[in-house]
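Asker: One structure follows; several queries about it will come next.
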Amino acid sequence: MAPDPSLVAGRIIASHGRHYTVEMVGGATRQCFPRGKKSGPAVGDLVLIRPQGDSEGVIESIQARRNLLYRSDDMRTKQFAANVDQLLLVVAVEPAFSPDLVGRALVAAHSADIAPLIILNKADIADGLDKAQGRVHALSSAYQPPIPVLLTNALDTQATTQALLPHLRGKCSLLLGQSGMGKSSLLNALVPQAQAATQEHSIALDAGRHTTTSTRLYHLPGGDGTLIDSPGFQNFGLFHLSPGDIERGFPEFAQRAAHCRFYNCTHRREPGCGVLAAVQEGSIQPERHELYLRILAENEAQERY
Ligand SMILES: Nc1nc2c(ncn2[C@@H]2O[C@H](COP(=O)(O)OP(=O)(O)OP(=O)(O)O)[C@@H](O)[C@H]2O)c(=O)[nH]1
Ligand SMILES: [Zn+2]
């Protein structure tokens, strides 16, 4: 079929509930709505829109995605972003981050085939840095090769830019983190216009509706690379993953799982389980195995509904 000449290509750069900001070649933007009730567009999606009036449009189609990072809890799925090159997981020296949530985000990234990078922020807080580094190392070293860890002090704009920009050039990176880790501070250090853009939007949607701006894509200064900011999260359900996906999210199990007595071993309490033996010996971290068991149990409980 010949392409419809009235459609225009663009990329979704922000989602606010049911409407989306689409950026077209040249940088102009339009506020767009998906056709019909189907939900599904995500920030980072490449779309075709049918322009309406001067500033609006209808999203007619979404191009096949390279990947999509999302979480799914009871009854509800939250798409973070599509077509991303890497995940920047922000943790901090304080408040203490949750290895459970970070572990889940890593499993989600692994199954979406997105390379993660951990940012340990507030590294200027000397008291507690060693301990935080130890906790981060435990997570990063579960993967082979270990997940790269970068230390930042988001309050120092210049140092932050120097530490992070080389890793962001030419890529689309997704910033993810629990509330309070300093994600907004990092974003503002990297993209000076970000603060203004956020404020502008909350004014555009009239006062008090800040919460509707959920996820947004920014161009890095110099135009080489993009950064997607998403709201902090408190839960990270993985209901969309199969038991096999979950197991693959714990790549440190693989070698030992090859020695399980049963080919379909779930590494819970089966006799002759290589993974359980490794946990016993200390070569697989008990916390990682416990996280694996929690995710499996949650997903099974969900299926019983
Ligand atoms: N010492 C220090 N404080 C920081 C650093 N980064 C952020 N902060 C402070 O930590 C607090 C939280 O920072 P935010 O940037 O608002 O954190 P956030 O992760 O965006 O949090 P939410 O907005 O709740 O999602 C603020 O008081 C910041 O000033 C840092 O590198 N060092
Ligand atoms: Zn096993």
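Note that Cβ sites are derived from N, Cα and C of the backbone, with glycine treated the same way.
Pulled from TrEMBL, these are the listed features:
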- N121, K122, A123, D124, G177, Q178, S179, G180, M181, G182, K183, S184, S185: GTP binding site (BINDING)
- C260, C265, H267, C273: Zn(2+) binding site (BINDING)
- 66-236: domain 'CP-type G' (DOMAIN)
- 82-234: domain 'EngC GTPase' (DOMAIN)
Asker: Report the member of N121, S179, S185 (the binding-site residues) whose C-beta atom has the most other C-beta atoms within 10 angstroms.
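Answerer: Result for the most crowded candidate: N121.
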Asker: Given the Zn(2+) site residues C260, C265, H267, C273, which other residues of that chain have a Cβ within 8 Å of the mean position of their Cβ atoms, reported in sequence order?
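Answerer: Not counting the recorded site residues, we get A257, R261, F262, T266, R268, E270, G272, G274, V275, L276.
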Asker: Would you mind giving the whole-number mean pLDDT across the domain 'EngC GTPase' (82-234)?
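Answerer: For the domain 'EngC GTPase' (82-234), the model's average pLDDT rounds to 89.
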Asker: Can you list which of the binding-site residues N121, M181, C265 have their Cβ under 6 Å from some atom of ligand 1?
Answerer: N121, M181
Asker: Across all the protein chains here, work out how many other Cβ atoms are within 10 Å of the Cβ of G177 (GTP binding site).
Answerer: 26
Asker: These are the binding-site residues: A123, M181, C260, C265, C273. Which one scores highest on other Cβ atoms within 10 Å?
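Answerer: Output for this query is M181.
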Asker: So which of the binding-site residues N121, A123, S179, C265 sit close to ligand 2, that is, with a CB under 6 Å from an atom of it?
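Answerer: Among the binding-site residues listed, those whose Cβ sits under 6 Å from ligand 2 are C265.
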Asker: Taking 10 A as the limit, how many CB atoms besides its own sit near the CB of H267 (Zn(2+) binding site)?
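Answerer: H267 (Zn(2+) binding site): 24 neighbouring Cβ atoms within 10 Å.
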Asker: Quick check: of the binding-site residues listed here (A123, G177, M181, K183, S185), which one has the Cα closest to that of C260 (Zn(2+) binding site)?
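Answerer: In terms of Cα distance, C260 (Zn(2+) binding site) lies closest to G177.
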Asker: With A123 (GTP binding site) as the reference Cα, tell me which of the binding-site residues C265, H267, C273 is the closest one.
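Answerer: Smallest Cα separation from A123 (GTP binding site) among C265, H267, C273: H267.
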Asker: Under a three-state reduction of DSSP output, how is C265 (Zn(2+) binding site) classified: helix, strand, or coil?
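Answerer: Coil, per DSSP.
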Asker: Please name which of the binding-site residues listed here, G177, M181, K183, is nearest in space to C273 (Zn(2+) binding site), Cα against Cα.
Answerer: G177
